[in-house]
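Student: My questions all concern the structure below.
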């Protein structure tokens, strides 16, 4: 008997030693995660405390924002890193990278009347260009869309079909002096050219109303435009924060992410403090449980400048490492004040834009979350305008949630979700008014619980989930840019 007890003691010691260093303290004694238990750990007070903390980082600096590489974002990154590290449940790292920051301002007048314009980030500067305005056909995505007399003139282009950067490049190839892109949905237009390019010309954005008025004026006579663009550029060091559970199968990784940066204009509390805090709240709640599959959380940098942080991360993984990631969930703007509950259309049934195999199952899981509670929801398209894009391009199944940005809510949607028709989902989108006061508490709480629901499901088991597609390269979808406004589900505006 003594020898048997000694053998048992040795076995227990060996098992315990095997757990230490691989799994967090107390792991064997934690209950297995379930959907109900993890959701019950989500508290609105914790979520709101988190978004208030992000607001404080913006308020603490003269810039009043959390743009990547700036002080407000540095504070954000350090806080996220330290909060998650302190749990002891995760292996946490900061992934350093350098990206080009750009800030631009524009002044545009037509026939002496000043218009409300915004410069595209990464636009070349322009000092008082004075030229006649001409109109590009279609959406200015092809050389044949530009009039023969474009050289030396400023060209007016409607948003849609291709990126702002491509429009600017095509205008440059046509030897235009500048380009003005106007919105194809109500509201003003601010965006990015996606990076520096010698083909680009000075480029500004206008509202749909102002753009259409200019097109009407040109049809009846000559329009002279004066255009000024001030552009600043700076290489900035910045970081992704990546945290993976110490426990669970690291060859079957469930991954989720949200971008942690804002635009220059404001603190970015809905866009995307809501997603950042949503996944942080779930990350902290998850520490109460054990799981079967490892879960990897990511807080992406520089999303607002062209999905730079997530793209950098995905490109840093070889096919073998990326194949361990069985799916990716994206959460970008989940607390919009005039919200709609939107789920990425993984099966393509609404927009004919399917994600990689497994994306449909992700969509169905979120649908079940809402359906089981009798809560309305609607699909939103994979447009390539948020951080899932780099994953889809490498054939990783993707999905997630979104409560709306600049698109205007319809009367039909009001019947489903409440709110106000004729008003954007987020009227403070990309503006200084995107503060804590901009958050819809009901929306952010519900969507954070939905995140917990999905993570609990996949952390327990991937049974029934399609075999992970072979890692490869693919387009997000050749039709993605044809969505109204460049996307009714994603908001990094480079198209």
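Cβ coordinates come from backbone N, Cα and C, glycine included.
Positions annotated as signal peptide by Swiss-Prot: 1-21. Swiss-Prot lists 130-216 with the feature domain 'PA'. Here Swiss-Prot flags 142, 235, 272, 352 as N-linked glycosylation site, drawing on sequence analysis. Annotation source Swiss-Prot lists Zn(2+) 1 binding site at 259, 271, 332. The Zn(2+) 2 binding site feature in Swiss-Prot is assigned to 271, 304, 430. Look at Swiss-Prot and you will find 303 tagged as active site, proton acceptor, backed by similarity to another entry. The site 'Transition state stabilizer' annotation in Swiss-Prot covers 429.
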Student: Of the residues in the domain 'PA' (130-216), how many are helix, strand and coil by DSSP?
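Tutor: Summed by class, the stretch gives 22 helix, 23 strand, 42 coil.
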Student: If I restrict to non-local contacts, at least six residues apart, and a C-beta distance under 8 angstroms, what lies near residue 142 (N-linked glycosylation site) in its own chain?
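Tutor: Those within reach of residue 142 (N-linked glycosylation site), by Cβ under 8 Å and sequence separation of 6 or more, are 170.
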Student: When you measure from the Cβ of residue 259 (Zn(2+) 1 binding site), how many other Cβ atoms are you left with inside 10 Å?
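Tutor: Residue 259 (Zn(2+) 1 binding site) is surrounded by 31 other Cβ atoms within 10 Å.
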Student: I need the nearest neighbour of residue 430 (Zn(2+) 2 binding site) among the recorded positions 259, 271, 272, 332, using C-alpha distances.
Tutor: 271
Student: Checking the contact step here: among the recorded positions 235, 272, 304, 352, 429, which have a Cα within 10 Å of the Cα of residue 332 (Zn(2+) 1 binding site)?
Tutor: 272
Student: Can you check what DSSP calls residue 430 (Zn(2+) 2 binding site), collapsed to helix, strand or coil?
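Tutor: DSSP assigns residue 430 (Zn(2+) 2 binding site) to coil.
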Student: Checking the recorded positions 259, 271, 303, which are within 10 Å of residue 429 (site 'Transition state stabilizer') at the Cα level?
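Tutor: Close recorded positions: 271.
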Student: Name the secondary structure element type, per DSSP in three states, that contains residue 235 (N-linked glycosylation site).
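Tutor: SS state of residue 235 (N-linked glycosylation site) = strand.
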Student: Count the Cβ atoms, other than its own, that fall within 10 Å of the Cβ of residue 352 (N-linked glycosylation site), considering every protein chain shown.
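Tutor: Neighbour count, Cβ to Cβ under the 10 Å cut-off: 10.
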Student: Taking just the CA atoms, what is the gap between residue 303 (active site, proton acceptor) and residue 259 (Zn(2+) 1 binding site) in Å?
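Tutor: That separation, Cα to Cα, works out to 6 Å.
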Student: Which Cβ among the glycosylation sites (235, 272) has the fewest C-beta neighbours inside 10 Å?
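Tutor: With the glycosylation sites 235, 272, fewest surrounding Cβ atoms within 10 Å: 235.
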Student: Specify the nearest of the recorded positions 259, 271, 272, 304, 352 to residue 235 (N-linked glycosylation site), where nearness means the distance between Cα atoms.
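Tutor: Comparing Cα positions, the closest of these recorded positions turns out to be 304.
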Student: Return only the integer: C-alpha distance in Å from residue 271 (Zn(2+) 1 binding site) to residue 304 (Zn(2+) 2 binding site).
Tutor: 9
Student: How big is the Cα-to-Cα gap, in Å, between residue 304 (Zn(2+) 2 binding site) and residue 352 (N-linked glycosylation site)?
Tutor: 26
Student: Average pLDDT across the domain 'PA' (130-216)?
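Tutor: Reported value for the domain 'PA' (130-216) is a mean pLDDT of 96.
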